[in-house]
Structures are given as structure tokens and as C-alpha cells.
Amino acid sequence: MASREFALIDTYFKGKGHQRKDVVLGIGDDCALLAVSDSTLLAVTTDTLVAGVHFPLDTPARAVGHKAVAVNLSDLAAMGAEAAWVSLALTLPDADDAWLAEFASAVVEVCDYYGVTLVGGDTTRGPLSVTITAQGKIPAGKQLTRSGAKPGDWLYVTGTLGDAALGLALVQGREQASSDHHEFLVGRLNYPTPRLLAGQALRGVASSAIDISDGLASDLGHILSASHCGANLFLDKLPLSQALLGTMALESAWQLALGGGDDYELLFTVPEAQKGALDTALAHCGVKHSCVGQLRGGEGISYLNHGQTVELDVRGYEHCWS
Ligand code: ADP
Ligand code: MG
């Protein structure tokens, strides 16, 4: 989301009106957290995918269905939540049965895979747009937020970065890759993997977390401003796939890893004393993780390559396919 949209939310919506005492966390994190009992928090998030803005118009229906659910489950993962329920608000230009069959089977498949139930929604006519609201549960006090990081904490990411941004460049014809790499990279764009098990494993281990939807630099910026810290980011430690490195020069790959969107990997911080616990926790869920930096006092991100400072102008991610 662009900074002007964050300003809009702050101006018109954040903290306005009656504030209930059971809202543990309102606007400003990956999910809202609501105290539904003494022992359980309900995590709630909503994300919309608009055709031609958040996905190219010729995206397969199966990919639209998968991605709409997966990006919402990714926000639950970022809080350490167990995913439970989704609702689906669907705006369609016309009722195309073939499209709907593909779309619906992908929604059902991803819900089944993560043990989530579709419990409601809304169906309207208009330009294609898919809104999912996802809800999950967290034991009270075990939530991960953007605001708990401290100077000295280590910075980690799951998976690899930049693949989806290159996948988008491929489907738009701005880049070319070998057919193996093409399939992998476009798959990373269209079928993101929400890191739900990793998120839950990070409870009590990570000091802060966010999911990477708008690029590492932008989403790290949210942790830094919520936690009042700065960060040193180690470019030589960025996890880059063989497909990304096999298709572009290293500096371009860094740009996509830092500024590209749609990774849906987790970015989190871990205090020095929890580093061993982290390796154990994530080994159990089979998710690769990489240490890509360390928090410090001050503000902003400093980029280092093998210990040397690098001046880098990270180009942010724009949702624009028109
Ligand atoms: P994410 O990328 O994790 O989905 P966003 O960047 O979309 O988060 O949103 C940032 C925060 O602003 C979230 O807490 C979200 O719930 C909130 N938000 C976004 N749009 C609105 C709105 N129109 N009214 C109230 N809150 C909003
Ligand atoms: Mg998020």
C-alpha cells in the first residue's frame, strides 16, 4: 500500500469514534486483535484483489482464487494466529461458469489445505474484485506484532525474496526466463504460500513480525517505525532463488528482493537469546529461514554488502498493471 493511503487511513479512520475495551490491537498491524474471552484473541484481516490492479486481467481464475485466500492467511500468519474462518465478497462482471468453477475450486482447495472453513460472503455485479476476510485464533498474550523489536535483535525472513516480482515482469513481457525458471517464478506470483505454521512456531520466540506484501524495504519500514528502531540489512545474506539469480544480474535481483511485492514471506526479529530456539522451532515446520540483518538504534535502513556500506535507492512497489 502506498504511503498516501496510510496517511488517508490515519486522517479519516484510525482511532475515530467509540473505542471498545476488548480491542487489543486496532488499525495499524497485519490483523486486528479482539479479546473474545480471557484466554483467546480473535485475529481479523481483510484484503481485496482488484482485477487489473492487484493481478493482470489475464490471470487464471485458479490463481485469483488461491491468491485471494492466501494473502489473507498470510496476514494471520504474521500475527502467529491459527487460521479458522474466511468469508468471500465477490464482485463479478458476469456469471461465467467455467471461470467460477476454476476460481471456486481453488478457494476450496486452499481452505481445505489450511483447515479453514468458508462461512459467508457477498456476491455482486461489477468490475472483477475479490475481498476476503480471514479470522483466526491466538492464545492471549502470544500474539506477534510489528512493535516488539529492540536494537540488537536479529532480522530474519522465510523462503526466498523477489521471485513474485520477477514473475510479474515475466507475465507482462518485461523480462524473459528459461521455461523452468518461468514456471517457478510465475507460480510464486500466482500461488503464494502463507507461512501459517512458521508464524505459530514463532510465538514466544520472535519479538516482532510482519508479512512481506509490498517488498522487504517497505515492510521492514513498518516494523522499524512501530518499534522505534533502525536496521542494518545484509545484502549478501538476502535469500535469492536459483531462478531469480539465473535470470538477472545481482544488483537487479537485490532491487526485486527489496522493492518488489507479493512475496508473502514472513519478516521477523529474534533476540540474541532466542536464536537457538528459533532454529528448533522452524526446523519442525520445514520452512527455510535466513538472517538478513540486525536492528540498531536510530531510524531507517542501512544497506551493507559483506560489511561495506552500499548506497541503494530501493524503488518501491506500485500496484499498477494498466
Ligand atoms: P496489510 O498489507 O498487512 O494487509 P494494509 O497495508 O492493507 O495491511 O493496511 C494497514 C492497516 O490499515 C491495517 O491494520 C488495516 O486493517 C488498516 N486499514 C486499511 N484500510 C482501512 C480502512 N479503510 N479503514 C480502516 N482500517 C483500514
Ligand atoms: Mg500484512
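Residue positions begin at 1 at the first shown residue.
Just so you know, glycine gets a Cβ as well, placed from its N, Cα and C.
Keep in mind that TrEMBL annotations are predicted by a computer and have not been checked by a curator.
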Exercise for review: Given that TrEMBL annotates Thr45, Asp75 as Mg(2+) 4-binding, name the residue from Asp29, Asp30, Asp94 that shares the site.
Suggested key: Asp30
Review point. Within the domain 'PurM-like C-terminal' (150-297), how many residues are helix, strand or coil going by DSSP?
Key: 68 helix, 27 strand, 53 coil
Exercise for review: Taking only the Cα atoms, work out how far His54 (substrate binding site) lies from Asp30 (Mg(2+) 4 binding site), in Å, as a whole number.
Suggested key: 18
Study note, to complete from the structure: Asp211 (Mg(2+) 3 binding site) sits from Thr45 (Mg(2+) 4 binding site) (Cα to Cα, rounded, in Å) at a distance of 13
Practice item. May I ask which of the binding-site residues Asp30, Thr46, Asp47, Asp122 is closest to Arg146 (ATP binding site) if we compare their C-alpha atoms? Key: Asp30
